[in-house]
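Annotation source TrEMBL lists active site, proton acceptor at B:GLU327, B:HIS328. For B:TYR130, B:GLN191, B:ASN214, the entry in TrEMBL reads NAD(+) binding site. What TrEMBL lists as substrate binding site is B:SER237, B:GLN259, B:HIS262, B:HIS328, B:ASP361, B:GLU415, B:HIS420. Taken from TrEMBL, the feature Zn(2+) binding site covers B:GLN259, B:HIS262, B:ASP361, B:HIS420.
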There are 2 protein chains.
Amino acid sequence: MMQRLRSSDPGFARDFARIVRDRRESDESVARDVQTIIEDVRLRGDEALAEYTEKFDGHVPEDGNWQIPLEDCREAFDALQPELRAALELAAQRIRAYHEAQLPEDRDYTDAIGMRLGARWRAVDGAGLYVPGGRAAYPSSLLMNAIPARVAGVERLVMMTPTPKGEVNPLVLAAAHLAGVDEVWRVGGAQAIAALAHGTKTIKPVDVITGPGNAWVAEAKRQLFGVVGIDMVAGPSEILVIADAKNDPQWIAVDLLSQAEHDPVAQSILITDDAAFADQVADMIGVEIAMLPKAKIAKASWDAYGVIIVVDSLDEAPALANALAAEHVEIATDNPEVLFDQIRHAGSVFLGRVTPEAIGDYIAGPNHVLPTGRRARFSSGLSVLDFMKRTSFIAGTDQALAAIGPAAIALAEAEGLTAHARSIELRLGI
Amino acid sequence: MMQRLRSSDPGFARDFARIVRDRRESDESVARDVQTIIEDVRLRGDEALAEYTEKFDGHVPEDGNWQIPLEDCREAFDALQPELRAALELAAQRIRAYHEAQLPEDRDYTDAIGMRLGARWRAVDGAGLYVPGGRAAYPSSLLMNAIPARVAGVERLVMMTPTPKGEVNPLVLAAAHLAGVDEVWRVGGAQAIAALAHGTKTIKPVDVITGPGNAWVAEAKRQLFGVVGIDMVAGPSEILVIADAKNDPQWIAVDLLSQAEHDPVAQSILITDDAAFADQVADMIGVEIAMLPKAKIAKASWDAYGVIIVVDSLDEAPALANALAAEHVEIATDNPEVLFDQIRHAGSVFLGRVTPEAIGDYIAGPNHVLPTGRRARFSSGLSVLDFMKRTSFIAGTDQALAAIGPAAIALAEAEGLTAHARSIELRLGI
């Protein structure tokens, strides 16, 4: 059952440390299977893809054609119910606007000694977007992955998605049309990631692969990191809600459940300074959970991983939040800025009483692909930078080389790299 | 022996594709050994570290003290020959200046519907710097890793370095003092990376690990990616020199050798539009190589991986450069900008006849930790961003939520996430 802690209890430090330490990630040992699949796709290409797709998805594409025509995506989009279509368009527009402002600036300057220095940002040539089949096939997720790539200037956007028994998700196809995906392939699993990284006769390789997936997909991305760029390893979602007693307990209960309904191993944590409010939220969770279509998932998550922490003062919350480094942090107080200023580690922060986390999942604009499992200590949400890279440059002059060349020669000689030193000496006429 | 190609030859496309495809990376199968070491350090901590250090480095620290006192680093710095000390200080100052200008700006704005959006960049709490023992223990490399971390605002900078039979490299200690490293530990190999990632009783864990290392170190970083952040997987170095016949062939020969002297598997490639010039460079390499203290390494590299490509026109060079996506690209022409503008994939570019690559290795300012093995297609040189992460934020108002909440509700319902929809509905009084 859900854990309840009090920060003033003697065992709190130990119990809290255990929550911080606990990884909810499956350690399913899929590494070896994935390695086999990757090698197989690398060596046998399309033939291996066909075999794995028949085996795992029970599907053999007609005429051996693995591509879903872009025409089908456009038709799916046109067939959307108008309200949903408008919602997707509004989401796409707001996500695009937020990410356009992320585009980095090039640098180009000449310093005091006359050395020209700088850096240029360029998009990668091709990006692969993985879209899971089944439960986790979310059109919102497609927009959040595809739009930053497009904004970055990626010219080729390739979507891979499993179509078990041949079935496709029309919402996902519609989102692919809206986001401007260039190719859609009916391939899933580790074999799809291998095809994106190494390429096959029919599928050209890409440079960066993003998007959520099951344990096989995640492990394939991890193993191919370095052959291609990948987004951060993703684990189950989590939310930390910091709330005082002036909130409506029902609102806070539903916010906690909006995380729990994602996944039986999602985690929802409430920090409050009011024990009676904590009780009200816990009760309201019991009421609300019963009404959810995903009640079973939400209950499994809340019972196994839900935590309520009662603190003496919300001033204690930032230190706890930094230790948890949660994916989502809601600060539902009158003046959330005070606590936010002390939070160093979080994927995304939702400020105030009328900013439920769900607004960020769909439509606010910032990316909903965020670091999980305490990775906000060192990583960031998906951005245009994940689809770009920087080339630094240096342009010397005789005068600039004369100014700093001798120091470089001294260092090269100290490191025993004589040709390095000599390449400068020759130009200085030494 | 060194390969020589002509772009007008019928077999060129095939031969060039092979050069692009060839990976020079050792595929030593160290994965299983590394996995064992990591698990062992995670479970048995300092005890495992002591055993591996005795086994691999033949060293048992006095009094079980694994730390090298910062005082020793200061002493090593004070004992430097004045010219070398000044050179290190100039390098540190220029590296710092270049990286300070990389610091990203926070964003905080309110959009047309009254939604406040933005992102804040913060440094990671702790960074680990690996410094190899032996041949590759370069003080310049320590500066290139430590200074960006310091500039990013990292509060705890931990250096790990093996000290075989107890021997330390005084130049590296001096650089550690100059860069302001906070802790120096006599531990190397995969065990050092495991200790940095998981922590032990005496060594607190860090959040990001950077720095070069052998195959074990690289594999340990790869396996621990996700537990901590790491810099890009690094392979052997490479240089591509694009040069016309107006260059001094001796200069170009030495530039090519400055890469070759690093490593028997380093790669040096020359693209020129003049066959006679190509001959002169090849001859001059023969002359110069004999004079190098590292002649054996340079010769092994040039013979096995050296390439000279003669093109009809240097206009062909950018396409070849983009396919190679080399770590270092020198453009030794009168107007290098023309070619540079067409180069999309490169770690760092050196423009003009008086900008030898070595100037970037030591003193120009940009980072010398750069993507190798065609990874410039999707990754960048080390920067302050590797030691920072971004927290996005959203602050709604009743009005903003009314404007976009209904679209989010429509999307949440389409995805079957009822609690998501409800968290917005409750606040809208729906």
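Including glycine, each Cβ sits where the backbone N, Cα and C put it.
TrEMBL labels come from automatic prediction, so no person has curated them.
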Open item on the list: Taking each of B:TYR130, B:ASN214, B:HIS420 in turn, which of these binding-site residues have a Cβ less than 8 Å away from a Cβ in chain A?
Closed with: B:HIS420
Open item on the list: Among all protein chains shown, how many Cβ atoms are found within 10 Å of the Cβ of B:HIS262 (substrate binding site), not counting that one?
Closed with: 24
Open item on the list: Of B:TYR130, B:GLN191, B:SER237, B:GLN259, B:GLU415, which is closest to B:GLU327 (active site, proton acceptor) if I measure between C-alpha atoms? They're all binding-site residues.
Closed with: B:SER237
Task: Candidate with the highest Cβ count within 10 Å, taken from the binding-site residues B:ASN214, B:GLN259 - done: B:GLN259
Task: Neighbours of B:TYR130, B:GLN191, B:ASN214 excl. site residues, C-beta within 8 Å of centre, NAD(+) - done: B:PRO132, B:MET160, B:PRO162, B:GLY188, B:GLY189, B:ALA190, B:ALA192, B:ILE193, B:GLY213, B:TRP216, B:VAL217, B:ALA220
Open item on the list: Using a Cβ cut-off under 8 Å and a sequence separation of 6 or more, which residues in the same chain sit near B:HIS420 (substrate binding site)?
Closed with: B:ALA408, B:ALA412
- [ ] Tell me whether B:HIS328 (active site, proton acceptor) sits in a helix, a strand or coil according to DSSP.
- [x] strand
Open item on the list: Among B:GLN191, B:SER237, the binding-site residues in question, whose Cβ has the most other Cβ atoms within 10 Å in this structure?
Closed with: B:GLN191
Open item on the list: Using a 10 Å cut-off on Cβ-Cβ distances across all protein chains shown, tell me which of the recorded positions (B:GLU327, B:GLU415) has the largest neighbour count.
Closed with: B:GLU327
- [ ] Between B:GLN259 (substrate binding site) and B:HIS328 (active site, proton acceptor), find the distance joining the two CA atoms and give it rounded to the nearest Å.
- [x] 9
TODO: Could you tell me which three-state DSSP class B:GLN259 (substrate binding site) falls into?
DONE: helix
Open item on the list: When DSSP is mapped onto helix/strand/coil, what comes out for B:GLN191 (NAD(+) binding site)?
Closed with: helix
